[in-house]
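The following features are taken from TrEMBL:
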DOMAIN    28-146  domain 'Ribonuclease A-domain'
SIGNAL    1-28  signal peptide
Amino acid sequence: MALQKTLSLLLFLLLTLLGLGLVQPSYGQSMYQRFLRQHVDPTGTGGDVKYCNLMMQRRRMTQNYCKKFNTFIHEDIWNIRSICSTTNIECKNGKMNCHEGVVSVTDCRDTGSSPAPNCRYGARASTRRVVIACEGNPPVPVHFDR
């Protein structure tokens, strides 16, 4: 009887925390975590087709369809987060929570030659200006705008 009360209390507490948004289900992913998964590779040098094909699969962007375009940033996450402290600029969606900086990147573009999950990508490595959206306090990157 005591065990049943304890389990009921724990279930109630968990449901309350979920309702308040304080606990994310394990299958959930914050926008910051999604940004990291899709766009950050600090140890990679990238730049070639092999890199893009492998990383797009590893980062789960080819499971149901081939993501048309993706950029991997080859910088330490703290360097990327520091972009969030630059002057606000307008995002493509009209919001004013975007920031720009210059970073080393690999742009991966779907060639259209193979269906998911075996997508094939072209690659272009460069150091260029990027625009990212940031949210939170302290602000963290949540969206790659351009």
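Glycine too: its Cβ is placed from the backbone N, Cα and C atoms.
These figures come from a predicted structure and were not determined experimentally.
For the domain 'Ribonuclease A-domain' (28-146), the predicted model reports an average pLDDT of 95. Broken down with DSSP, the domain 'Ribonuclease A-domain' (28-146) shows 26 helix, 40 strand, 53 coil.
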